[in-house]
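A.B. asks: Below, the features straight out of TrEMBL:
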type: REGION; residues: 315-338; note: region 'Disordered'
type: TRANSMEM; residues: 25-50; note: transmembrane segment
type: TRANSMEM; residues: 62-81; note: transmembrane segment
type: TRANSMEM; residues: 111-128; note: transmembrane segment
type: TRANSMEM; residues: 148-168; note: transmembrane segment
type: TRANSMEM; residues: 197-223; note: transmembrane segment
type: TRANSMEM; residues: 235-260; note: transmembrane segment
type: TRANSMEM; residues: 280-300; note: transmembrane segment
Amino acid sequence: MSTNLNIENTTIQCHPPSDQLFSLVAIYIVQGVYGFLSIAVYCLNIRALYRQRNYHDKTFRLLYTYCAAFSITYFLDHYLIRRFVKLGFFCEEILYLFSEPNYILNPYKKLASYCPLAILVFHTFIAVHRFSIVFRPTKALQLYEMNLLNGIVIIGVSIPLIFMWFMVPTRSYAKLDKESDGGLDIEYKKVFNISSSLFACIAAVIFGMITLICTILMILYLLKSNVRKLRLNEIRMIIFEIFMAIFTFIYAFVQGFLYYSIHMVKDLALKAVIIQFRTFAIDIFILPQAWTLLILSPMIRSYTFKFMSNKSSSLHHPSNIENSHSGKSTISRPTTVV
């Protein structure tokens with residue numbers, strides 16, 4: 001069975017052209033390998049962070065854990081659904097079942113809108129946290145010693161709803177992708193005449209700029225002060241934040257250009273190019289925080305290598321498991337995150 005749609009003398013195929021399918025599948029596989037490896041690294045990072053008892057580490061690890069949770073959710077949601085349907089597999093069957101607005105596809109669309117906003121918010125929280133620790137360490141310590149972390153988390157998970165509340169009552173559906181040579185896309189039927197791309201752009205610019213400004217001000221402050229007084233672990237955390245700010249700003253820049261192409265110049269060709277690049281920008285935005293923390297933190301690396309070596313040795317030498325239970329083999333607990 002073949003499905004296509006003719007719009008203004010341009011035929012939109014249900015399946016991508018055969019000469020493009022191999023490259024699309026290859027890219028999909030590479031993205032999957034990178035994504036699932038990043039998920040494993042995220043999990044190991046969080047497990048290592050929760051071995052720490054230092055209070056500043058507790059603040060950072062809580063914010064990082066939420067960033068990781070939203071990043072993993074967003075990747076799985078985006079990779080297993082949107083990227084998969086763009087390959088054209090089961091195209092006719094999906095169109096047959098979900099071409100009309102329905103609530104079954106709602107979880108995907110809601111998560112796809114909520115998660116990147118939540119990641120932006122928690123990236124900003126991390127940037128503000130690091131900035132306050134560097135700029136006013138005593139006052140920042142007093143603030144974070146108060147039991148405000150749960151309140152910060154509640155605020156963090158609530159802010160994204162400001163930028164997507166109008167999507168909550170909507171229904172989603174599958175349709176042929178007009179911006180590419182084939183495949184499907186998942187869209188939603190509007191209840192309110194509000195542009196989701198506009199609100200996503202506004203959120204990306206606001207939180208991207210706050211993250212970037214906090215990072216720049218922190219760097220300028222450190223350059224004016226005696227940088228040599230900083231401990232090595234503090235320098236590593238600053239480098240981590242710089243990378244995080246760059247990745248966040250890349251995503252904000254792409255979101256801004258996407259809105260520009262859709263609503264200002266209304267250039268479909270430019271929109272198609274930006275959407276293609278946005279797929280890679282999403283991976284740049286949500287996944288590198290796993291690797292940068294692993295690379296920059298000796299404690300994380302040490303824990304990860306010990307964990308992997310212990311798992312490997314237990315597979316090859318089952319008797320090691322008995323030794324670990326009897327207390328003959330233990331893993332030391334470092335006291336700092338980096």
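Just so you know, glycine gets a Cβ as well, placed from its N, Cα and C.
Just so you know, TrEMBL annotations never went through curation; they're auto-generated.
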A.B. asks: With the transmembrane segment (235-260) as the reference, which stretch in 25-50, 62-81, 111-128 has the largest tally of C-beta pairs below 8 Å?
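C.D. replies: So the stretch in question is 111-128.
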A.B. asks: Out of 25-50, 62-81, 197-223, 280-300, what stretch is closest in contact terms to the transmembrane segment (111-128), meaning most Cβ pairs under 8 angstroms?
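C.D. replies: If we count Cβ pairs closer than 8 Å to the transmembrane segment (111-128), 62-81 scores highest.
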A.B. asks: Counting Cβ pairs closer than 8 Å, which of 25-50, 62-81, 148-168, 197-223 has the most of them with the transmembrane segment (280-300)?
C.D. replies: 25-50
A.B. asks: What else in the chain is close to the transmembrane segment (148-168), if you only count residues 6 or more beyond its ends and a Cβ gap under 8 Å?
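C.D. replies: Apart from its flanks, the transmembrane segment (148-168) reaches 58-59, 62-63, 66, 109-110, 113-114, 117-118, 121-122, 125, 188, 190-192, 194, 196, 199-200, 202-203.
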A.B. asks: Excluding the flanking five residues on each side, which residues at least 6 beyond the ends of the transmembrane segment (62-81) place their CB within less than 8 Å of a CB in that stretch?
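C.D. replies: Non-local partners: 31-32, 35, 38-39, 42, 45-46, 49, 108, 111-112, 115-116, 118-119, 122-123, 125-126, 129, 149, 152-153, 156-157, 186, 282-283, 286-287, 289-290, 293.
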